[in-house]
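Read through the structure below, which is laid out as structure tokens, and then see the notes.
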Amino acid sequence: MHSFLGLVGLLAGVSVSSAAPSVQNITSDTYFYGQSPPVYPSPEGNGTGSWAVAYQKAKAFVAQLTSEEKVNLTAGVTSDTGCSGMIPAIPRLNFPGLCVSDAGDGLRGTDYVNSWPSGIHAGASWNKNLARQRAYHMGTEFHKKGVNVLLGPVVAPLGRVVEGGRNWEGFSNDPYLSGALVYETVKGIQSAGVGACTKVRFPQRLQSSGSNLVQHFTGYEQETNRNPETVDGVDIASVSSNIDDKAMHELYLWPFQDAVHAGSVSVMCSYQRINNSYACQNSKTLNGLLKTELGFQGYVMTDWYGQHGGIAAANAGLDMVMPYTELWGSNLTDAISNGTMEASRLDDMATRIIASWYQVNQNKNFPAPGIGMPADVNEPHQAVIGKSPDSRTTLLQGAIEGHVLVKNTKQALPLQSPRLLSVFGYDAKAGDSLIVNDVSFVNASVQKNHTLYVGGGSGTNSAAYVLAPLDAVQQQAYEDGTSVLWDVVSEDPDVDATTDACLVFINAYATEGYDRPGLVNKESDTLITNVAGKCNNTIVTIHNAGIRLVGDWINHENVTAVIFAHLPGQDTGKALVELLYGRANPSGRLPYTVAKRAGDYGSLLHPSQPEGKYGLFPQSDFSEGVFIDYRAFDKQGIEPQFEFGFGLSYTSFNYSGLAVKKVNRTTEPYPASAPVQEGGNPNLWDEILTVSAKVQNSGSMDGDEVAQLYLGIPNAPVRQLRGFEKVGIPAGQAVNVKFSLTRRDLSVWDTEAQQWKLQSGDYQVYVGRSSRDLPLKGQFSI
């Protein structure tokens with residue numbers, strides 16, 4: 001991308017290496033000036049849409065503040081709580097301060113809370129209603145613990161880099177699926193206790209209990225070089241995500257647009273650089289894309305220690321620094337005095353923060369910030385119960401629906417009254433301890449000696465208990481009178497020749513701070529082939545924090561069933577047993593593409609590394625544009641092991657009766673001009689097309705099907721997900737599934753007009769079971 005971003009100062013900061021005279025090493029960031037267009041000034045929040053009352057109150061509040069009090073709202077401070085970050089109180093105006101804490105799959109570092117299914121698990125459920133329920137119940141736990149801001153959900157990384165260490169925190173590699181689920185998640189968190197959600201009655205005693213923070217804005221796709229570092233006395237900058245305008249809008253910005261449209265009150269900017277400008281002081285992305293184009297009314301917070309500039313960051317659109325700042329404080333008021341920053345910018349920063357507090361009604365009967373977040377749970381503290389019996393059904397259902405059955409031969413599953421089960425693999429058992437601890441970062445491909453139910457880093461969570469697979473299998477065996485043998489240590493275990501089934505448990509670990517060392521693990525694969533060599537009914541379960549390749553053994557005749565179990569949270573074993581024994585029917589679908597071999601992912605397999613003249617300023621060129629995951633496989637004609645959207649069931653579904661109907665709305669190329677609302681031009685959400693199809697359960701077991709709609713848009717990838725509905729269908733019955741498509745769904749980003757544009761020509765419509773199993777095909781024209 002270096003050749004076409006309009007380099008300014010081409011020769012600035014270039015030196016000739018004596019070790020390699022032919023290589024000109026870039027030694028100053030002035031070389032990159034101008035690659036990310038400047039957008040100033042930072043737009044003031046205007047209280048559009050549902051924010052009007054909150055802004056009215058916030059402006060009146062901020063008008064009473066001293067300059068010092070305004071500044072204090074913009075940066076975290078140390079506290080005697082276990083909150084990840086704290087904004088100080090303003091006692092004279094009855095503002096109690098703010099507690100912000102991880103994570104997007106449940107609270108971390110405290111007690112009396114639940115470990116919820118992770119983002120990738122929710123993504124694999126393909127269930128919008130369940131995503132909202134999960135978010136609501138998580139939100140109530142944060143509320144009870146006095147946490148004002150939930151640091152989640154995550155929609156970046158999107159999953160561009162297959163080995164990305166934090167891909168598991170997000171929902172999917174597809175922007176549409178990720179966007180649909182983040183919309184429901186934001187709604188669930190921020191409306192906890194106020195609104196109603198399908199199949200859930202929300203107690204009225206909680207009033208808009210929580211707010212969320214969507215992260216990480218944007219283009220944050222690898223851990224390698226995510227932060228600047230010093231190696232042998234040499235400073236190396238953060239990696240730069242070099243993203244063109246089209247890919248930015250059609251991939252990386254898409255789910256953030258859905259989050260803003262849902263009303264998210266805050267957004268976290270990311271660590272890395274975007275087009276060679278640090279994300280937390282990138283005026284193009286913060287002022288231009290987020291606050292102007294998307295009409296974002298909330299505030300922008302740094303990731304922890306993610307501030308790299310002082311007044312420049314404030315002018316570029318940053319509103320809050322965590323966990324503290326060394327660059328703001330009195331420097332903000334000094335900047336106003338010397339004219340390098342407008343007083344209105346500080347007012348807007350404070351107003352956005354306070355408006356967000358009012359927007360979720362935290363001025364009314366909210367617990368004291370951090371009341372349930374002790375700094376050290378091993379010291380005497382008040383027991384504040386976050387978890388609730390009301391959440392148990394959602395907790396278990398969420399764990400169940402994120403499992404994806406990808407192989408099931410010889411009628412291996414569901415299990416039919418086995419006399420003897422044999423359990424193998426390090427992932428089968430619970431760990432040797434379960435204590436409340438802080439974040440940990442371990443660079444490993446697997447987690448040995450315990451079942452993997454959540455990933456590593458700041459996105460991990462605290463559990464009320466962990467019901468591991470081996471424990472759950474034994475509980476079921478006790479009820480049924482089944483014998484159970486196990487060896488969860490050996491790589492080549494003995495197998496009783498009369499066993500009915502061998503259950504093998506492995507995992508694929510990932511964590512913040514490191515990109516994954518690979519997509520396979522030799523010891524785990526050897527274990528599987530060793531067991532399969534002795535057992536003709538080997539059922540493999542993989543708890544995977546990301547894509548896991550299975551090509552070395554997937555076609556082994558004795559490997560009869562395989563489940564991608566992802567990261568189910570604390571109900572991991574209970575959920576799995578419900579599926580193994582057929583009390584629940586598998587309904588998860590892959591939110592990513594599983595290749596046959598690592599090389600099929602091409603340049604998207606590994607993170608970018610510092611190299612050549614960019615050794616001090618690592619570059620990650622997103623030169624593939626919009627072609628990641630299944631889009632890339634489709635473009636290159638590569639057959640995957642398991643395609644995006646794939647998943648098996650214990651029943652079967654038939655599709656028929658496709659109907660495509662254009663709604664009576666204008667189909668002019670560009671949307672009509674309108675005042676920007678949350679999420680952008682409101683006309684982007686006009687319904688343009690409806691599609692319906694009949695889905696019949698032709699099997700003998702009740703089940704849930706995920707009907708998926710893909711569009712072939714002219715001048716775009718051959719197929720893109722643009723609709724999905726998860727429907728429960730009793731055996732032998734049929735339902736009519738309807739999809740509603742908006743102007744945005746049918747458009748591509750016009751880089752010249754800087755607008756979403758409908759294409760002239762024939763659109764292809766596909767409906768079916770996955771991105772490559774699409775029995776229904778139709779067409780319409782614009």
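Glycine too: its Cβ is placed from the backbone N, Cα and C atoms.
A quick note: this is a predicted structure, and the numbers were derived from the prediction, not measured.
Under the heading active site, Swiss-Prot lists Asp303. Positions annotated as N-linked glycosylation site by Swiss-Prot: Asn25, Asn46, Asn72, Asn275, Asn331, Asn338, Asn443, Asn449, Asn536, Asn558, Asn654, Asn664. The signal peptide annotation in Swiss-Prot covers 1-19, and the record cites sequence analysis as its basis.
Checking the recorded positions (Asn46, Asp303, Asn443, Asn449, Asn558) against Asn536 (N-linked glycosylation site) with a 10 Å Cα-Cα cut-off leaves Asn558. When secondary structure is read from DSSP and collapsed to three states, Asn664 (N-linked glycosylation site) falls in the coil class. DSSP gives Asn654 (N-linked glycosylation site) a strand state. Taking the Cβ of Asn443 (N-linked glycosylation site) as reference, residues of its chain lying under 8 Å away and at least six apart in sequence are, in sequence order, Thr511, Gly513, Tyr514, Pro517. By a simple count of nearby Cβ atoms, those within 10 Å, the most crowded of the glycosylation sites Asn25, Asn275, Asn331, Asn449 is Asn275. Asn558 (N-linked glycosylation site) is 75 Å away from Asn338 (N-linked glycosylation site) when you measure Cα to Cα. Counting neighbouring Cβ atoms within 10 Å of each of the glycosylation sites (Asn536, Asn664), the lowest count belongs to Asn664. Cα proximity to Asn558 (N-linked glycosylation site) (within 10 Å) is found for none of the glycosylation sites Asn46, Asn72, Asn449, Asn664. Taking Cα separation as the measure, Asn72 (N-linked glycosylation site) is nearest to Asn331 of the recorded positions Asn46, Asp303, Asn331, Asn664.
For Asn46 (N-linked glycosylation site), the nearest of the glycosylation sites Asn275, Asn331, Asn449, Asn664 in terms of C-alpha separation is Asn331.
Cα spacing between Asn664 (N-linked glycosylation site) and Asn25 (N-linked glycosylation site): 59 Å, rounded to the nearest whole number. Secondary structure at Asn443 (N-linked glycosylation site), taken from DSSP and collapsed to helix, strand or coil, is coil. Contacts of Asn654 (N-linked glycosylation site) defined by a Cβ separation under 8 A and a same-chain sequence distance of 6+ are given as Val695, Gln696, Ser698, in order along the sequence.
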